Every structure is written in structure tokens, then in C-alpha cells.
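Q: The structure follows.
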């Protein structure tokens, strides 16, 4: 009996992180769902890598909908994350991951504004499914439209106005976030000028989906003048990808490039400095298989980001990220799971950029609702 339940529940959990959210209100066209998880985790690594030790956190979110008419629906979502690795006396490492609201117009799509995922992540999300690591070749939080970011106005359309099944697209505008705006105080590397982006995915059938995205933004004055050797006026990113998800097999691939955008840490005179790469070429490959009767899902992935023209002479290329991830999930039931993940770093320990090249092993337990 337990095996039959797992065979049904586990695929549902893999579709979305809020698959088993608790419905706390549903009346007169108003609906409110609560979801969250507690993820207790410990990582083992060389002490010099700064990746050894506890990395536990808790996360909670609310999703709401209100039916305005038979053609118009309002919606909103808020998600908050709290790190649990510090002391009670320390300032809590907490942050708002998502906070947006909008309107959905039947088959004409939805329009929302707030803190949300950038359109470049629509494709990158397919490979960002590893137990601990992954998704870091190109996507970065508060880095234009490659990951979660602030000030995003997003239009999304499903099934191309109801005319083509499986053809989805999104258009996005991002307002400036810098010392010149109301939310000033952020690092130069996490600032952005006005920009736009678009993405499209198509469900071909037979478990196959393909997609791509493009984003182009103005850079702030500080980014052009003070950070690394990326002096271009515009920041650009694009990616293409594909995934296969059927018969308990999951395969995904993503290739993308960025210009004047990607943050990386480099050791200069024994001091770590955060810089912006002039150009990066990024690849992520993921393979997983779900043994649904056992509740076991092994995972294998390859992740690489190669920086191009990183020095003043514009002639030095070097890997910013390069590793293999070997791990697995084990699902006790729909609410409780455990996992292990081993990051085999393929960077040379004496690489010229001084990028962290240590292996990391992590293990954790997750309760989600």
C-alpha cells in the first residue's frame, strides 16, 4: 500500500515546490494556500573552503487568489526564507524570496509586478533540481533577470492565447535598482539598470519540452566604471534548453551566455574581491531516475561556467564554476524526505583566479507542507 501511495505522490512533488500546500481558506471565490518547509542540512568540506558546517533553513509562503469575474482573477504570492545556522544573538539571516501580485485575464494571460523570477530562469529551472548544488552556472539571485530579482513586471501567456497547446511565452520589464532608486544600499554587483526580457517554451509531446530566453539591460554607472574589466554599457543574457520528463526518467540540458553580468569572486593579493565577468559561457546537464516503488531518486549532473576575457588585456579565460554532482533523494512520504549530494570540484586547486576548488559533501532532511 505504501509503495502505491509513493508512486502517485512523488511525481506530484517533483512538479512544483508548492504541490502539497495546505488550503487554509476557500470561500466565495477567494482562496488562500499556505506552504513551507524546514530543511536541516550539514555540509562537510575543507575548512578553508568556507562551505563546511551547518546550512539549515526554514521557508514559508502564501499563495492567494480572488475571483473578480468569470474572466478576471487576482492573485498574489509571498515567500520568506530564514537561515537557522546562526546564534539567537546574531542578526537573523532572513530574506523575502518572492513578493508579487497581479491579474489573470482568462486565455489572454497574466500580468504581475514585484519580486519574482527573471525570464532567463524559465529555462535554467529545468537543470536546477539537484539535492543541494546546481543551477549556479548562470542563474544568480539579484543579478538582472537570471534569477530572483526586484522590480519585475511580467506578462505570461499559456498555450498561446488558448490556440496552441504547450506553447508558452513571457515578456518582462525590470526597473532600475541602484543607489539612485528608493531601494538604494545594494552592492554594485547586485544593481541593475532598466531592462527587458522574453522567454518561450514549447511542450513537444512525449515528455519533451524545449525553450529559450533573452534579456538585455542597461548597467549602472558604477558597474561600468568600477567593477572588473566589464565596461560595456549593456548587460545581456540568453539561454536555450531542453528537458525530457517521462517514464520516471528526467533529463535536462541548458546552454547560455552572459555579457557584463555574471558575478564571480577572485583572490587578489590574498583578498577576496567580487567582480563582474566580461563574458561567460555556461552549460548544465542533469540526469535523474525515480524508483517510485522505493521512493528513491538518484541524481547526476555536470555544471560549468567559463569566463572569457577576464583581465585587462582581454586575453585570459578561466573556469568560474566546474563540477560534477552525484546525489540522491529518498522520500519517506509526501511530507518527509532526505538527501545526500557530493560536489566533485573539477577546478584546479591552484587555478589562476583563486576560485574555490574544494569538494563538498552534504546531507539533509526536509519536512515540507
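Here the Cβ of each residue, glycine as well, is placed from N, Cα and C on the backbone.
So Swiss-Prot says this about it:
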| type | residues | note |
| --- | --- | --- |
| SIGNAL | 1-21 | signal peptide |
| TRANSMEM | 22-27 | transmembrane segment |
| TRANSMEM | 29-44 | transmembrane segment |
| TOPO_DOM | 45-55 | topological domain 'Extracellular' |
| TRANSMEM | 56-68 | transmembrane segment |
| TRANSMEM | 71-83 | transmembrane segment |
| TOPO_DOM | 84-97 | topological domain 'Extracellular' |
| TRANSMEM | 98-106 | transmembrane segment |
| TRANSMEM | 109-115 | transmembrane segment |
| TOPO_DOM | 116-150 | topological domain 'Extracellular' |
| TOPO_DOM | 158-165 | topological domain 'Periplasmic' |
| TOPO_DOM | 178-193 | topological domain 'Extracellular' |
| TRANSMEM | 207-219 | transmembrane segment |
| TOPO_DOM | 220-234 | topological domain 'Extracellular' |
| TRANSMEM | 235-246 | transmembrane segment |
| TOPO_DOM | 260-278 | topological domain 'Extracellular' |
| TRANSMEM | 279-291 | transmembrane segment |
| TOPO_DOM | 309-320 | topological domain 'Extracellular' |
| TRANSMEM | 321-332 | transmembrane segment |
| TRANSMEM | 335-344 | transmembrane segment |
| TOPO_DOM | 345-359 | topological domain 'Extracellular' |
| TRANSMEM | 360-369 | transmembrane segment |
Q: Cβ under 8 Å to the transmembrane segment (71-83), counting only same-chain residues 6 or more beyond its ends: which ones?
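A: Contacts with the transmembrane segment (71-83): 56-65, 92-106, 110, 112.
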Q: Would you report the average pLDDT that the model assigns to the topological domain 'Extracellular' (309-320)?
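A: It averages 78.
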Q: For the transmembrane segment (360-369) and the transmembrane segment (29-44), decide whether they are in contact, meaning at least 3 CB pairs lie under 8 A, counting pairs 6 or more apart in sequence.
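A: The answer is yes, given that the two segments have at least 3 Cβ pairs within the 8 Å cut-off.
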Q: Can you work out which residues elsewhere in the same chain, 6+ from the ends of the topological domain 'Extracellular' (116-150), have a Cβ less than 8 Å from its Cβ atoms?
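A: Hits for the topological domain 'Extracellular' (116-150): 14, 41, 43, 97-98, 100, 170-172, 174, 177, 183, 186, 189-190, 192, 195, 197-199, 201, 209, 211-213, 215, 217, 235, 237-243, 250, 252-254, 256, 258, 261-263, 280, 282-286, 288, 299, 301, 303-305, 321, 323, 325, 327-329, 339-341, 343, 360, 362, 364.
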Q: Short question: which residues 6 or more past the ends of the topological domain 'Extracellular' (45-55) have a Cβ under 8 Å from it?
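A: Distant contacts of the topological domain 'Extracellular' (45-55): 84-85, 356, 358-362.
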